[in-house]
Structure formats: structure tokens, C-alpha cells
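Engineer: A single structure is presented below for examination.
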């Protein structure tokens, strides 16, 4: 534990001095906050278990608090919230000055130019990332690699994330295709419930894959973010340029003595003191411009290298997303097929209802005719013996006409309207027609 904590202390600070300062700070904080609230947690001092993996593939388990990680990696507090397992955040890759913050599914880590600080967890993805990264670093320890350390760690995180998401999509395909085929052949409540549950899982998985794809696309579209992620080059540039800028001699055309860039200018100077100061300032500006041009030119190559790496996994995750979209289209096609089948069943029910309505109309016509002839009134039609036969023939003929002609598919709407109208108003029409006979019979 002492070795792990000493690794995060600055090299130029003695251990005894740092321990004394930490004791004074802890005692002062304890005096300010008081000892009467034992249940209150100190802000920034809640240690968590982390796994540190160096460039040689050696892994250590550390107990680190948020404040120490923020100082060591120069990260704001909001970036560390992405790594907190208590919060649920979408997949994110952030490039900072000294570190890359990676939050891809269950793999949450901080990648620097020298080490990887991984959230310690029992999740299979985290364990696989740790073991695979250590194995690759130890295997390629003596071999030259085109990719720097931070890109190899980032590549493994992207590889495991894309593999995990693609495996989940394959499992979902194997589960949902038989259910959809069974639902298309047999529509029941159990199959509908299974499809509803699988569709919810599909939508959630699509959002996760879409977020990873959008994050990679956002990184590839922004050259500044990709240049910020090249930590090894920035570290080597800062270590190589700082001593040279301090020790590099400044030459002047007039043979005067070089002026230090950090030396203060005396207010009592010779007549050409202002010129010397101006020349020194111009040399500083020129060197800074040259350094920026060199860094931008080298950064362009590194951006291209990182862009090729991100593009490879962008193609993989885009293929996974296309499979999810194909699966969603298959579900939509199955839903359309089910709606067509339900519409067909509904049409059969409507047709059966029309047949029942037609039978009711036929019975109503016969009942109306029988009711008319059963009334007690005087009519000349009763004087003819064959009148009953003619009325029966005409009634049967009209019923056959309505049944076999208007009930065809071409006249379904007309037939339905006619039957409803005839059923509701048959008696009123007959009574209105025979109203004079009722009056005569009453007289």
C-alpha cells in the first residue's frame, strides 16, 4: 500500500514532508468540520478500489480517492463521475491534457501515457480487459509497436465493447426470430407478450449501440479531440522542448551578448536595452511559432493514425447497428402481417354479421306479411282464392333477390344499409300503406 501511494506523489517532494503536510491538512480539516458528526462523509476522501496496469503489463490493486486521481491525471470532478458505478452514463470517450477518460459499457478506466487506472469490478468484461491487456503488453514488451501505449489500451477497450455488443445482438437474433415465426403462425397472448418483451430489449440495445457509434463518429469528425488524445507525443514534446528552450543560446547579428528569456530587465539600462528586449521577445515568438508548426505537422500524422484505428471499429459497430435495424424491420413486417391477418378475420366477422342481418331481414319480411294478412279489416284482395299464393311467391322472390344479389361483395354497403332500413321501417311503411283499411274497419 505504501508503494502504491508513493507512486502518485510528486518526485521532488520528500516523503516525510508530504506526510507531515498531509497530517496537518487532515487535522485542520477535522478541526474545521468537527467531530460531532460521525455519519457525515468527508468530501473527496471516499477511497475506491482501482487496478493500475503499467506499460510492462504489471497490475496492482490500489485504494485511491477522487482527489488524488484528479491531481495525478489533471481531471475535473465531472469526468470522474463518468467512472462512478453508482451513476448510469452513456458511452463516452474524452481526451484531456494528461489522460483519456473511457466509459464504454462496463469498461471504465483512465488511460495515461504510462499506465491504465481501471475501476476494480467483478464484471466479466472488466476482468477480461485486465487479463487481455496485461497479456498483450507482456507479449509485445520487447517488440516494436506502431501504436503508443494509450492507443493500445483504447483499442482493447473498443474491441471488447464491440465484441460484447455484437454477441448480445446475435443472442437476441437467435431468440427473437423463432418467436416471430411462431407469432406469425399462431397469434395468441403468450406470443404477443414475448415479442413485446424482446422488442423492449431490442430498443434498449439499439440505443446503447447507437451511442457508441455516435461517439466514434464525433471523435473522427473533430481533429482537435483526436490530437488531444495523443498523450505520448505530448509528453515527449514537453520533456524534450523544455530543456532545449532553457539552454538554447540566442544568436544576434550584431555580435552582442545573448539575453536570457527569463532574466529580468533592469530599469537602468543602456540605450540599446529596449532593442535587446524587443529582439529577445521576437526570438521567443519565432521559436513558439516553429514549435507549433512542428507539433501541428506531427499531429496530422498522429490524427491520421488514430482516425484509422477509430474507423476500423466504427465499421464494426455500424455493422452491428445495421443488424439491429434489420431485426427491427423484421419485427415491423411481422406486425404488418399480423394486422393484415386480423383485418381479414375482422372482414369475416363483418360478413358473418351481414348474413345474420340478412336472415333477420328475411324473417322480418315474412312476419310483416303475415301480420298484415292477419289483421281484422275488409280488403278486396281476400275475395280472390289465389291471392295468398301470389303474395307468397312475390315475398319469396323479393327475399331471394336481396339475399343473392345485394349480398355480393360489390353491394355489401348497399345491402347493409338496405337491411337496416328495411328492418327498422318495414312495419311503419306497411301500416302507413294500409291506413285507409284500418279507418274503414273501425267505421
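Just so you know, glycine gets a Cβ as well, placed from its N, Cα and C.
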Engineer: Can you dig out which of the ranges 1-29, 30-58 TrEMBL describes as region 'Disordered'?
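Structural biologist: So the range that TrEMBL calls region 'Disordered' is 1-29.
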Engineer: Do you know which of 167-194, 195-222, 279-306 TrEMBL annotates as coiled coil?
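Structural biologist: Within the set 167-194, 195-222, 279-306, TrEMBL attaches coiled coil to 195-222.
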Engineer: Averaging the per-residue pLDDT over the coiled coil (195-222), what integer do you get?
Structural biologist: 94
